[in-house]
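Working notes, beginning with the structure itself.
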Amino acid sequence: MLKIIIPTIMLAPTALLSQQKLLWANTTTHALMIATISLQWLLPTYYPHKNLTQWTSIDQISSPLLVLSCWLLPLMMLASQNHLQHEPLTRKRTFLMALITIQPFILLAFSASDLILFYISFEATLIPTLILITRWGNQPERLSAGIYLLFYTLISSLPLLVTILHLHTLTGTLHLTMLKLTHLTPTNSWTNLLSGLALLTAFMVKAPLYGLHLWLPKAHVEAPIAGSMLLAALLLKLGGYGIMRITLLMTPLPSQLYYPFLTLALWGALMTSSICLRQTDLKSLIAYSSVSHMGLVIAATMIQTHWSYSGAMTLMISHGLTSSMLFCLANTNYERTHSRILILTRGMQPLLPLMATWWLLANLTNMALPPTTNLMAELTIMITLFNWSPPTIILTGTATFLTAAYTLFMLLTTQRGTLPTYITSIQNSNTREHLLMALHIIPLLLLILKPGLISGVPL
């Protein structure tokens with residue numbers, strides 16, 4: 001564990017002390033080295049907790065997410081080089097520092113074996129994200145987006161802290177492995193119901209559940225590209241991971257807690273998919289699509305079978321890479337046309353033919369075409385939901401149909417159609433962008449060869 005966390009912390013002096021011409025090269029290569037070392041966490045093992053120290057442990061649920069978070073740090077650095085090129089050196093360093101400080105917190109949150117440490121790192125990821133959005137966002141509305149993000153997260157996570165402290169008074173420990181051994185005997189049904197509600201709501205806001213999702217499109221639209229990638233690929237996964245951990249821990253939660261969350265998640269997948277069909281803003285469309293995908297994840301984690309957990313895990317990883325790639329593509333368009341409106345960025349295919357290939361690949365993975373892990377995950381989740389209650393197939397089926405519809409709509413409006421008259425000359429796509437897209441899509445296509453790595457099977 002330390003052999004990843006210490007180099008990640010040492011990224012900070014690297015970013016602060018590098019010369020101007022070597023700044024990006026040094027930090028990105030260092031981050032890529034950390035990402036390659038972190039791949040060894042994916043090695044399957046028979047031990048329930050690998051790399052067990054007193055405060056962290058890695059098991060099958062957290063190792064794929066840890067590798068994903070290490071993998072995305074160099075990609076975020078690659079993606080934000082262009083929009084920072086005219087800024088002075090100190091601001092570039094500050095930006096990199098914000099990205100680097102959030103990384104150890106995410107690693108700690110995914111691997112913490114103590115609930116208080118998990119809570120602290122879960123909340124600490126909020127501050128650098130807020131700095132990224134409110135300082136490097138594009139429009140003045142970024143301040144209201146930051147306030148939305150801050151207050152949604154804080155209001156939902158205060159009950160979580162209270163409940164964690166209440167758990168501590170009940171059991172005398174907050175270590176996850178110890179909590180699994182002590183079967184919590186609830187004092188009465190009300191305490192049980194409210195503590196379960198408080199534990200779940202904080203993660204539902206983060207995940208986001210439909211109805212508590214309003215901060216997400218705002219934050220995504222206003223964030224810079226690195227902030228968007230961070231939000232879509234990692235911070236949403238914190239919510240799903242938290243739900244998995246808590247539901248495994250508090251197994252006898254009252255069933256009337258699950259039904260509202262399940263119905264909201266499935267109905268939300270349907271609603272946000274249909275909202276996507278009416279979006280004019282490209283980033284907002286991708287943000288709403290991630291709400292609908294995470295809705296499936298929430299629905300699967302609520303059922304709590306082995307199949308649904310592995311489906312949710314696979315969907316989280318594949319959605320992290322896919323939506324991150326879509327945000328990168330939207331950003332390449334935005335840097336060339338300075339607009340996120342779909343009607344103003346149409347007809348890109350004849351101008352940037354290679355980018356059109358990346359667009360096609362990203363959109364096909366987003367709508368879960370066969371040789372991708374997205375399809376495997378969505379099928380697993382649908383089968384578990386159908387097994388739990390057959391009428392859910394109507395909701396999930398309609399949601400997938402709408403997903404395909406809005407994905408094709410996004411592809412056609414950005415790539416086909418007549419070129420807008422105001423585009424007279426356009427900058428070529430460069431190697432950095434192609435490398436960025438390739439590093440997103442190659443892991444996705446390789447993972448289908450061995451999906452057991454990310455499905456978190458031996459629970």
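Just so you know, glycine gets a Cβ as well, placed from its N, Cα and C.
The annotation domain 'NADH:ubiquinone oxidoreductase chain 4 N-terminal' is assigned in TrEMBL to 1-108. Per TrEMBL, transmembrane segment is recorded for 21-43, 63-81, 93-110, 116-133, 145-170, 190-216, 228-251, 257-278, 309-330, 351-369, 392-414, 435-454 (among others). Marked as domain 'NADH:quinone oxidoreductase/Mrp antiporter transmembrane' by TrEMBL: 112-403.
When pLDDT values are averaged over the domain 'NADH:ubiquinone oxidoreductase chain 4 N-terminal' (1-108), the model yields 92. Look at the domain 'NADH:ubiquinone oxidoreductase chain 4 N-terminal' (1-108): DSSP puts its residues at 77 helix, 3 strand, 28 coil. Beyond the ends of the transmembrane segment (116-133), by six or more residues, the same chain brings 55, 95, 98-99, 101-102, 105-106, 108-109, 142, 145-146, 149-150, 153-154, 157, 160-161, 164, 168, 174, 206, 219, 222-224, 226-227, 230-231, 235, 238, 242, 245 to within a C-beta distance below 8 angstroms of the stretch.
Against the transmembrane segment (435-454), stretch 309-330 shows more Cβ pairs under 8 Å than any other of 21-43, 228-251, 309-330, 392-414.
For the transmembrane segment (145-170), the list of distant contacts is 115-116, 119, 122-123, 126, 129-130, 133-134, 137, 179, 184, 187, 195, 197-199, 201-206, 212, 214-215, 218-219, 221-223: same-chain residues at least six beyond its ends, Cβ to Cβ under 8 Å. The transmembrane segment (228-251) and the transmembrane segment (309-330) are in contact, since at least 3 Cβ pairs between them lie under 8 Å (pairs 6 or more apart in sequence). Here the transmembrane segment (190-216) has Cβ contacts under 8 Å with residues 122, 145, 148-149, 152-153, 156-157, 159-160, 162-163, 166-167, 231, 235-236, 238-240, 242-243, 246-247, 250, 253-254, 256-257, 261, 264-265, 267-269, 271-272, 287, 290-291, 294-295, 297-298 of the same chain, all six or more residues outside its ends.
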